[in-house]
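**Q** Let me give you the structure first, and then I'll get to my questions.
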Amino acid sequence: MDNKNFQSKTGFNLENTYLTLPNIFFSEQNPKGSKNPKLIKFNTSLAEELGLNEEVLNSDFGLNIFAGNETFPGIVPIAQAYAGHQFGHFTMLGDGRALLLGEHVTKDCKRYDVQLKGSGRTIYSRGGDGKAALAPMLREYIISEGMHGLGIPTTRSLAVVSTGEEVLRERFEQGAILTRIASSHIRVGTFAYAAQWGTLEDLKSLADYTIKRHFPNIADNENKYILFLEEVINRQAELIVKWQSVGFIHGVMNTDNMVISGETIDYGPCAFMDTYDTNTVFSSIDYAGRYAYGNQPNMALWNLARFSEALLPLLNPNLDEAVNIAKKSISNFSKLYKKYWFNKMRTKLGLFTEKENDELLIEGLLSTMQKYEADFTNTFVSLTLNKFEDEKVFSSDEFKTWYALWQNRLKEENRPQEEVRNLMMNNNPYIIPRNHLVEEALKNAEKGDFTFMDNLLEALKNPYSYSKDLEKYTKLPEKSDTPYVTYCGT
């Protein structure tokens, strides 16, 4: 089947412009394929958004694409090369178990990578087997869709297939492949790789390609590389604020896990915070708390500093001048983050305008929440509904004092109560992909029962809907002596 007929049948409008880059950035390779694949999950709503033929892709024809048994006609799959600072240590990486099948261009000219994750070993695999297990792939499916529902930029999952073979992790698990959709997979680590092992022309080619793809409005500007750095800094500031505002903890914010597009990517050891504590860590390998909830803004800044270092030769031919430009741009991150953070927190408290003491009001609430171990999500739900259950935070003197200050601040706004409530409801999710709910969904799914997962996914499409039907997803996990721990399974 040629590309035209394939496009007509599937809806995929395929290209691979990444192949126009110098060949140090990729390695051509076909997926290994699956002997006995089974379609486990197909994202109908995403397929519809992308203009794909849901019926065809939800059949055996689509299964063979998602299982790596069929590639796109005329398009060469590639594994992408990149480096990464893993917990601060620089190393060569690359797609060790993923292949970019191609780029789908929608009718409104939006371009998306179509990537298979878990499709077999590549030239960059190092010691890994190139495969993925079912539970981690389903976990990424659930959480990425949850993030999308929350309005947070993210890669998404089009399909998950089981491969019919077992993979050895701590135990034998069902093998799987996830089809990931992303604006692109160009990472901070891609630029670090180019700066370390490529030529100046290689670095320039990558920057020009990325600007044309993600920031076309600056492509013809004589200062485009400086503007490029500033645009990436701004997007990351916006993204991290959105993470923080819902208690999302990525868990492994290495430079290879920060993409230039400003999407959330690589959901390995991520989790959502229940009890508000800025020191919260879930990842089994984050012993020192480098990527703790409260440290995520600093780690984003650290990553962006590494990005600016990679761009130095493009910022100015004079190294000292380039360093000064980079420092000036990087210094804006904290200002942008602070601005976006307090703006977001105002909306969570129903405030439409900015006042001098708002920062103290916001910090006062958060410090009280931390002191009394309040649930992050449900505290803001309680404020939104103005209904307070028998939680120790709400009966504390600190909260009562804070509440009076907040009510006075709301009076200064002089807005109708309905407007305030709507603003809060649109910014305080009623539900999130709570860790215990995700684990229950995965536990059942591994046994072949997808009922709970399907219901959870449906609920997560509308997390800001304060519906009685969603109340069961607001319940906290049972108290346990064993802390919740996540692993880099994805």
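Note: Cβ is positioned from N, Cα and C throughout, glycine not excepted.
Not my notes, these are from Swiss-Prot:
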type	residues	note
ACT_SITE	D256	active site, proton acceptor
BINDING	G94, G96, R97, K117, D129, G130, R180, R187, D266	ATP binding site
BINDING	N257, D266	Mg(2+) binding site
**Q** Could you state the whole-number distance in Å separating the C-alpha atoms of D256 (active site, proton acceptor) and R97 (ATP binding site)?
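**A** Between the alpha carbons of D256 (active site, proton acceptor) and R97 (ATP binding site) there are 14 Å.
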**Q** About how far apart, in whole Å, are the alpha carbons (Cα) of R97 (ATP binding site) and N257 (Mg(2+) binding site)?
**A** 15
**Q** Could you measure between D266 (ATP binding site) and N257 (Mg(2+) binding site) for me? Cα positions, answer in whole angstrom.
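**A** One finds 6 Å between the Cα atoms of these residues.
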**Q** Can you tell me the CA-to-CA distance separating N257 (Mg(2+) binding site) and G94 (ATP binding site), as a whole number of Å?
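**A** It is 11 Å, counting Cα to Cα.
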**Q** For the binding-site residues R97, R180, work out the Cβ neighbour count at 10 Å and name the residue with the minimum.
**A** R97
**Q** Give the number of CB atoms, excluding that of D256 (active site, proton acceptor) itself, located within 10 Å of its CB.
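**A** Looking across every protein chain shown, the total is 24.
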**Q** Mind checking which of D129, D266 has the fewest other CB atoms within 10 A of its CB? They're the binding-site residues.
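**A** Per-residue Cβ counts within 10 Å for the binding-site residues D129, D266 bottom out at D129.
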**Q** Name the secondary structure element type, per DSSP in three states, that contains D129 (ATP binding site).
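**A** DSSP call for D129 (ATP binding site): coil, neither helix nor strand.
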**Q** Can you count the other CB atoms that lie within 10 A of the CB of G94 (ATP binding site)?
**A** 23
**Q** Quick one: give me the count of other CB atoms within 10 A of the CB of N257 (Mg(2+) binding site).
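**A** Looking across every protein chain shown, the total is 21.
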**Q** Based on DSSP, name the secondary structure state of G94 (ATP binding site): helix, strand or coil.
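**A** Reduced to three states, the DSSP call for G94 (ATP binding site) is coil.
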